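Peer 1: Got a structure for you, questions after.
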Amino acid sequence: MSTASFKAAQIIKCINAGVSCLASTFIMLMILTEPEKGLASPYSRIIFAMSISDILFSLGQLLSPFMGPKDNSDALFAIGTTGSCEAIGFIFIIGFCCLVWYTVFLTYYFTRRIKYKVTPQNFAKKEEKYFHAIFIVLAMTLGMTSVATKSINPQGKGNICGIGSYPNGCEDQFPDITCERGNGKVIGILLTMFGSVLFASFFIIILILAMFTHHVYREERTLTIPAREIGRTVDQREQHSDEDAEDAAEVEQQAEEENVDEVEESEAVRANRKEKNRLVLTKQAFHQSLLYILAFFLVYLPPLTGLFLRRFANEKGTLMWRFWLSALFTPLTGVFNILIYTRPKVLKLKETLPNAAMYELLIVIVFSGGEIPSMADILQATTTRRHHHGEEVQGEEVHEGQFEDDRGDDLSEEASSAVSSNSLISYDLDVSSEVELLSRMKESGQSLISVMRQRR
């Protein structure tokens, strides 16, 4: 790889890592500022832990090129020392391990909630806390072992402070050079462990995805049962008792039969709606889990390939195409996470504002603290915008997408009962999916988009 190409890839990697770190910070702020729920659910806690892990992982990639020893002739940007490289490498290893494990843990949580109907409370009490403890202890153990054995050193022309000997390549590429740091056998064991972590994570995620896909397919087949048959099953005893009535008058009997039919139809509709809602939530969780899995493959496939080739194929150096893939995608975990995390809310807001661009809706959600803006927020934004421009609304003709000021009282009442996005979209599945946004959200939302455009 030429020096110019390597330098360009290095710069792009640092930029992507910085953006990812910022995106994960936004996710943490959205969760912490989320009214009422915040860190109250396992889903939000897992996403929060993933964000912390990604910040550590991204900082490791962002700062490694600068933290290596400045006497390393291969490093293009190094201005640090061996100690600074060890410190940032320790952070990088902890972030890497936890991020991989929490991604797997998230898909596992989706499966437990959807397939096995485990409540968030039981999951938190019986499973979640133990996984958190295991992840932290294992990551700290691997990190401290790497530091204690002097196995954290600049790798790939100072690209990353990771597991390897120093000077880089003294074990295999340049056997005539004496290694100053790192024992070959220990490094081999550590690389095998990290490779095993990634490989096992890929295998588990594929297994979970297969189980999830089979469950969704089975749920769809369940809904092929006619709604009336469901109603008959529910009301079997009532129908039987009605058929055994012997002395009722003819008119009364007809009334009773009509009443039974209405009850039966009502129960059938409710049962069918419940099944459909359950399938909708199942599919939502499946799609969300699938997106996290695809992001995981995109981010970690290049480093997994590199570890495999280095450990088992005796690869010499780093191939240009793989280095560029790692520079482009591996640092973007936080970016993928914020897009996936806000996706359900963006799509929900898109139904209300079909003409708005997706990136605008994403900005609105982020600046609203991860919430679909309530009517009160939109009224405030609209009022602020009009006062700022000194607009007079009296006598204006109101078109579609605008407010009528003589409806202010009605809107205030509706604003007080506006439903937050937590009641609309929750992968903890504790709420009904039938709740909808207020119909006038569309009108007010257009004003909020205008405000966001002016701010930019």
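Quick reminder: no glycine exception, Cβ is built from N, Cα and C everywhere.
Taken from TrEMBL, the feature compositional bias 'Basic and acidic residues' covers 233-242, 389-405. Per TrEMBL, the feature compositional bias 'Acidic residues' maps to 243-266. Per TrEMBL, the feature domain 'G-protein coupled receptors family 1 profile' maps to 23-341. Per TrEMBL, region 'Disordered' is recorded for 233-269, 386-421. The transmembrane segment annotation in TrEMBL covers 15-34, 46-67, 87-110, 130-149, 186-212, 290-309, 321-341.
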Peer 1: Would the transmembrane segment (87-110) count as touching the transmembrane segment (186-212), i.e. at least 3 C-beta pairs under 8 angstroms with sequence separation of 6+?
Peer 2: yes
Peer 1: I need to check the long-range neighbours of the transmembrane segment (15-34): which residues 6 or more away from its ends have a CB within less than 8 Å of a CB in the stretch?
Peer 2: 44, 47-48, 50-52, 54-55, 58-59, 61-62, 327-328, 331-335, 337-338, 341-342, 366, 369-371, 422
Peer 1: Counting only residues 6+ away from its ends, which parts of the chain sit with a Cβ under 8 Å from the transmembrane segment (46-67)?
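Peer 2: Residues 10, 13-14, 17-18, 20-21, 24-25, 27-28, 31-32, 39, 75-80, 84-85, 87-89, 91-96, 98-99, 102-103, 105-106, 109, 128, 132, 135, 154, 158-162, 330-331, 333-334, 337, 341 contact the transmembrane segment (46-67) from elsewhere in the chain.
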Peer 1: Could you tell me the mean pLDDT the prediction assigns to the domain 'G-protein coupled receptors family 1 profile' (23-341)?
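Peer 2: Result for the domain 'G-protein coupled receptors family 1 profile' (23-341): average pLDDT 79.
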